[in-house]
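Input: a single structure, listed below in structure tokens.
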Amino acid sequence: MGYRDALYNKTNYNSRGGDFRGGRSSDRNDYNRDRNQGYSHGGLRGRHDDGPRELIKPDWESELPNLPPFEKNFYVEHEVVRNRSDQEVAQFRKESEMTITGHDIPKPITTFDEAGFPDYVLKEVKAEGFDKPTSIQCQGWPMALSGRDMVGIAATGSGKTLSYCLPGIVHINAQPLLSPGDGPIVLVLAPTRELAVQIQKECSKFGKSSRIRNTCVYGGVPRGQQIRELIRGAEIVIATPGRLIDMLEAGKTNLKRVTYLVLDEADRMLDMGFEPQIRKIVDQIRPDRQTLMWSATWPKEVQQLARDYLNDPIQVQIGSLELAASHNITQLVEVVSEFEKRDRLVKHLDTASQDKESKILIFASTKRTCDEITSYLRQDGWPALAIHGDKDQRERDWVLNEFRTGNSPIMVATDVAARGIDVKGINFVVNYDMPGNIEDYVHRIGRTGRAGATGTAISFFTEDNKSLGASLISIMREAKQNIPEELMKYDRRPRGPHPRYGGGYGRGGRGYGGGRGGYGGRGGGRGGRGGFNRSRDGGWGNRR
């Protein structure tokens, strides 16, 4: 029996887009009764109208048996998938660099039709013109649709948002409708406002046929509009941990209806110090929920969080757990002094600007450096804007939109401001200042070379960065990049006859950007100063 058959049997037709929603009227009455009787789940120590109160963890041992049941297993294996041999499955996983952990793991799918999504979901997917599922989606969809707790480990830009968004829509459509005062059914926690907004766009796009409402809750802006949307009711809430805690403590929403929980970029949330807030939030959610954790890395802190809050999880990992950079990215490292950086930067901008569609993301270590670089570039006629923590939310939104649309194709950012930013078509990443650790280096350069595209990462390495030398060499070596001779003095590995990989920057190999005859490649050259760079009066054309 497929999804639609199963949903037909649940008797409750919902006018929302003509889909069949699960649940009996008695289920809704149960929820209403719980609320009217002072149901303590997601409760506060004090009345909602008394102002902020401390959240208290419900006594789940006594409360859980009295909660209304819910459905979370909707997966019906497609006949083609069912007939796929173990050898074929193993070969597919090997080719996809896929590692799985756990028991009773469903076989991967290879097409959208094999996933078994209802027609209303498939229609939205195909309307977007997607060719085929990504590797994480091939295994993640059957896992999520099966109702299992799961961990997905994959690089940023691998399609993980749809891996949990589409099953979440199916999950919502099988639950009782929201009643006045109910909180969300699906809760997505994300580390930054920018990522939360990006997730909301995907949820809106694919949930519109079901008329599923969503809202995004994040800090840095007035709370009024967010409060109104929460009170009006939304099946999906995407939130940053801090602002959600504020809303819960103020009694503006509750988590008693949450049965599908997503922790997106769990590693980044922990890096940013959100672990106490995450634990406080998750403690408010019924423990028999379905929980999906997504992460680009698998450090011990994330593993501990999974052990504490996931029940018998299954895990899929794309690629190696060892820290590695995408092989779609050409890494160019220049060993320079501090005062050489600006001239080197302009040289690379001259080259990159030959492509009018180029977008360049420049990382600086401090807000002051960020502003100084931007001011210097703008005085020289370059269309650059800065984004960092001292900018108010409205200005950050404007800068990001200018960068995304290409009106200002150069953006200078700090790490904190850039976290969660998902902009398509970034061709170049420049580490004007190297980050403090190798994990941030990999995360930074991963803003280019996404979704099968190629990109270039340029890094200025100074003597102050010597502590990163060995790990940087290791990352470049794994990706078969050309390592400059000046950097090799930091190598901890014994020098063999071929310590550096051939090709690449300045050696007549792949060349700048990976193409034959590119910058520094055979037959290459910088060319003129046309492209996207602006004149000082703000127009397009050659710089003066």
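Including glycine, each Cβ sits where the backbone N, Cα and C put it.
Taken from Swiss-Prot, the feature region 'Disordered' covers 1-54 (among others).
Residues or ranges marked as compositional bias 'Basic and acidic residues' in Swiss-Prot: 18-36.
The motif 'Q motif' annotation in Swiss-Prot covers 110-138. Note on the motif 'Q motif' (110-138): mean pLDDT across this stretch is 89.
Here Swiss-Prot flags 141-316 as domain 'Helicase ATP-binding'.
Counting only same-chain residues 6+ beyond the ends of the motif 'DEAD box' (264-267), those with a CB under 8 A from a CB of the stretch are 156, 160-161, 164, 188-191, 195, 199, 293-299, 301-302, 305, 420. Annotation source Swiss-Prot lists motif 'DEAD box' at 264-267.
Summarising the annotation, Swiss-Prot assigns domain 'Helicase C-terminal' to 331-491.
For 490-544 (among others), the entry in Swiss-Prot reads region 'Disordered'.
Here Swiss-Prot flags 501-528 as region 'RNA-binding RGG-box', drawing on similarity to another entry.
Annotation source Swiss-Prot lists compositional bias 'Gly residues' at 501-531.
Within the motif 'DEAD box' (264-267), the DSSP-based counts of helix, strand and coil residues read 2 helix, 0 strand, 2 coil. For the motif 'Q motif' (110-138), residue counts in helix, strand and coil come to 16 helix, 0 strand, 13 coil, using DSSP.
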